[in-house]
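Copied over from TrEMBL, here are the features:
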ACT_SITE  A:Glu446  active site, proton acceptor
BINDING   A:Thr164, A:Gly203  FAD binding site
DOMAIN    A:161-275  domain 'Acyl-CoA oxidase/dehydrogenase middle'
DOMAIN    A:314-461  domain 'Acyl-CoA oxidase C-alpha1'
DOMAIN    A:546-654  domain 'Acyl-CoA oxidase C-terminal'
Number of protein chains: 2
Amino acid sequence: MDKSTLRRIDNTLKHLTKVTSDIENIHPHLNETPNLKTLKSILDGEYHFDRDRLKELFEESSTFDEIFLNKSIHTDEHREQTLKACKEIIQLQIVKLSDMEKNPKKFLNWFETISLCDPSVSLKFAVQYNLWGGTILFLGTKKHHERYLDGIENGSILGVFGLTELGHGSNVNGLETTATYDEANQEFIINSPTWNSQKYWPGNISRHGQMATVFARLILRGVDKGIHAFVVPIRGEKSNQYPYGKLCDGVEVRDISLKDAYNGIDNGGLLLKNVRIPRENMLDRFSQVDAQGQYHSNIPPNRHFAMTMSVFFIGRACLSLNSLAFTKAGLSIAVNYAKNRHQFGATTKSKQELPIIAYSTTHRRLIPYIARTYALDMAHKTIADLIPTYPKETIHSYTSGFKAITSWAAVEALQSCREVMGGQGFRLCNRVSMLRNHADLVTTGEGDNTVLTQQVAKYLLGLYHQVVKGSKKSVEHLSFKGELAYINNLTAQPPTPNTNANQLSNISYHQWLLEKREFLLIKELHSRLYGRHDDELIEPNTERWFTVWNQSLPLCIRITKANVDRLTQSFFLKKIVEQSGSNLVDTATLTMLKNLCRLDSLVQIQKDFGFFVNTGLMSGESKWIQLEDEITHLSRDISQHASVLTQAFSIPNKFNPLQNSIE
Amino acid sequence: MDKSTLRRIDNTLKHLTKVTSDIENIHPHLNETPNLKTLKSILDGEYHFDRDRLKELFEESSTFDEIFLNKSIHTDEHREQTLKACKEIIQLQIVKLSDMEKNPKKFLNWFETISLCDPSVSLKFAVQYNLWGGTILFLGTKKHHERYLDGIENGSILGVFGLTELGHGSNVNGLETTATYDEANQEFIINSPTWNSQKYWPGNISRHGQMATVFARLILRGVDKGIHAFVVPIRGEKSNQYPYGKLCDGVEVRDISLKDAYNGIDNGGLLLKNVRIPRENMLDRFSQVDAQGQYHSNIPPNRHFAMTMSVFFIGRACLSLNSLAFTKAGLSIAVNYAKNRHQFGATTKSKQELPIIAYSTTHRRLIPYIARTYALDMAHKTIADLIPTYPKETIHSYTSGFKAITSWAAVEALQSCREVMGGQGFRLCNRVSMLRNHADLVTTGEGDNTVLTQQVAKYLLGLYHQVVKGSKKSVEHLSFKGELAYINNLTAQPPTPNTNANQLSNISYHQWLLEKREFLLIKELHSRLYGRHDDELIEPNTERWFTVWNQSLPLCIRITKANVDRLTQSFFLKKIVEQSGSNLVDTATLTMLKNLCRLDSLVQIQKDFGFFVNTGLMSGESKWIQLEDEITHLSRDISQHASVLTQAFSIPNKFNPLQNSIE
């Protein structure tokens, strides 16, 4: 990272850590109703017209009716409907493929909105645009762009992202598929040498895909040059007999059958038996093979694969928003249910039954997830803002960490919505269990969350080590930069709240706790791998290193959670400050946003309460019960406005059952 | 509770709390392989022949093939197959309906084994035997027994358990359905007065059920005598046109359509429009209506409903075992996957990829759940032992608490199995996501877990209050009985481990922590509702009481978790001691069991670490990391034997995919 980039990031982050004092004094009472229109406009963001056009289409076109929730349909029927839905969305011409690079904010906004209808539709776009399109756009050159991009964008060339194999998922560096150059014919011969090397899982394989980007080991004159990407036609011209084209010679596909979600996607396995493709089908942005079979690349071999993979952060951000959109829909449905469903009364004499939203258990089962959803929404918006200017490795770490934490949070939230709704949450037509199952896939799709947490931890560890290595100073006297600059300002004692204020509700206190935790966890991981005094370095890539690293993996998950929690609070606060400066937002709405931020921090702090107490960051008799009560009371206060908060998610009626009654 | 009962329970519990010292000295190393046969025999228990016969049937009969996992089938097809499977199981004549009362252990063992095949089959039995059969058996008298029990047992009279209504689930006391006595004709007129009063959710409604037990408000000469149960025919004679009988006059049914699980069950809604039934169709064990319409009952009106409901604990225990069986299957499948799936290597130079079971994240994602499964299995076995002699309210509390914690643990474990398996965990044919969705239903079926935790908390609070009320002594000088007798022996300081032993691995220390936690939580709840000094009693059933109680509901969940964790450890230890006294069990197997118990306790303690530290029960610098590492290391050590541990669950091959390879 060059110095000017670092300085720019430092400044952004300094701004982030400074903001809390400005909003600490907002009136803390929650009796006034926040403004629905304002909340909706904040959530919809600057591309709200795109959202409106899509939602209009959803409501008007019967293609977006979710038939599969009401009867057992054959997967082929579901897949055709999914494709039809994609084509109707394409006709709106809202985004261009190039927006992934040039206007990621618009693209992400569009993708999030699509996630509101049958989730298979958005995933079909993830396959077609992000992955198949993304490989052509990011790894190809002009000749590929000219040949394919239009067809990809308008849906006339459907394609496959052939990366993972049956035997290799997370460790894609171990792929077995080969691309052997044949000088005589100027062709590559693409081959799946084993059953385990079949391209496995990608959508568009078993039914719709005409082309595939196949990642394979490039073999030049017997030498393995590592993983490269190639465009391979898998189906020929369309005909009456073969509406999606007959399979090309040497191409074998299989369907991987029913799944727990996304059945509108034709996932499959793809075996290639010495399929020949012309030399120009190699995607040659980072490296090239000339006619004579000479290899050229500007990128060092050990960085080549990482470089190739680094362009796909946009897909990860999309899936993250996918799970966030499911959560918004699920919470809207569950809040409707909780308002309509009556149960028991305040006293056994009172004939009047209470809606279950009056119970503290319902508050606790819904409101913290609403808070988390607002917080993560604002965080995702902030990341979208940062993508164009921030360095790739930072964005890679952000999108990896946020995908992991957001999808895990989505499964947890939707499980809770399901349980709040009892049996009704179980009927497919009420959508919530269906959404939970889809969010679940996101936890391992586009990178297994557990593996992604290792990427985040390594990134943070690297930044930390850069500053600490070789220095004999204690950490307090070192100067951290960029992402870790917050460490420089970390005080030994927590900030003192205003007189009479409850420390537990103090946003600056939360921030201090979240920063302290992340710092202490990184320090712990660092001391394991580099020794307490930077003098017991374990040589990387040795068996001993592996043992220590392997035993530290649970710590990587903690670090990622800590990192994302800290960033989420900062990003949320940044958005609140922006709003508070705009004069368009009333105090009741700002107060609500601030309290959502406060509740989210408190809940995350409670989840790791043991750490905070044991490290001395929190203390005081019966703190556990104070924390429990603070969350219960804050959830209760916010619950009065649960409807407004979820209405602001503006889920289309078609996808928001139980608005009036429960049948 | 009479004195002799209390004394008996005291003695059992005293035995339970004494046992740890006996096994603390078992050799702690985990290198030797535990004996598969021994583990299997402990898990299979005394009715292992029943298990074997059922498993043989599953393997041999194609009726038990899970077609719905491989293709989208119409629910009618699924429901017919489910019924056929039930009839094949009935033909084995393993259990009698009366075993629910006379030999619950045999019945529960049978039910757990059935839970291994398509979960719809076991749930169909829960409907037919536990609920429809249970009402006749427990609420009916001789005339009902003679008329129905044989037909229920042999499956010729299929029936419905008509308790919950669309508008009333957990609060069944608010049911609207009426049963008005018509003296002139000596008939009851059963009526659903509103759309919301339709009997809603019960299986066997929409397709197979011929009779229903309908819970309705008994109206005698205009006076509402509360909820009573009645047998109502809903379908007539079977014919070619109506293979399950034509709907009777005044009976309307609907199907509630696709669900996220248990689609083999024909759940529905049932509306009764002034359906007339003879007087003898009232289930009259607890109360009777004579020909003249006079009401007779030996039970006080305010206890009548609770008495009626108290007989259904067996169904709750069955569902609890349902979710435990799913967990066993899911863990077996996931361990197979983790052994077969290779990923990355110890060093980038090593070509040899490691099976993912070698990674600490995999250990942490599977092994603690294996430990919890053993612990809960032993606990359920112990409860089955206690059912015949323990008082009903104790068993009600046990089955409620264990159903809640076991099903929540099942969802968590199966979610983790799903994630370990990546995309493969998502394919229905691999069963894991399917099992997760079924376990999920158990969290709200047969009593919403969240509501059940209130029952447990009230039970414990009641026992506590009995001793504390009116006494001016401090708690330390009071003598608790029965369930809470452990409080009498609670020391202020934790037991000291043997020299050099690590306190964290000390079973007596775990026990002390788990007991202290439960005690402190009950004390906290008590002081909220009764004042710190038993002098600020809030009058029950007032608005103020409701406010305090409502804000304390999250505490009830904590109390239940604490209670079940304590009991689980005690019950597991009891079983280990029984085994260690039998001379049939080798040291390696005993060592494994003890370490599973230890790991389970540690994991539960970690989940509530903040409480333990903040209350001063645990202390010491970096305890959080010691605890994390202790769990990581113990999980790693046990992981060497993960295969043996899951093989001992002996899941039939048909339901245990991925045993050899992953396709």
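Here the Cβ of each residue, glycine as well, is placed from N, Cα and C on the backbone.
Across the domain 'Acyl-CoA oxidase C-alpha1' (A:314-461), the model assigns an average pLDDT of 94. Look at A:Thr164 (FAD binding site): DSSP puts it in coil. Secondary structure counts, DSSP: the domain 'Acyl-CoA oxidase C-terminal' (A:546-654) has 86 helix, 0 strand, 23 coil. Taking Cβ-Cβ distances under 8 Å and a sequence separation of 6 or more, the neighbours of A:Gly203 (FAD binding site) in its chain are A:Leu123, A:Lys124, A:Ala126, A:Val127, A:Val160, A:Gly209, A:Ile265, A:Asp266, A:Asn267. Applying an 8 A CB threshold to same-chain residues 6+ apart, the list for A:Glu446 (active site, proton acceptor) reads A:Ala126, A:Phe312, A:Gly315, A:Arg316, A:Leu319, A:Lys403. Around A:Thr164 (FAD binding site), the same-chain residues at least 6 positions away in sequence with a Cβ under 8 Å from its Cβ are A:Val172, A:Lys199, A:Tyr200, A:Trp201, A:Pro202.
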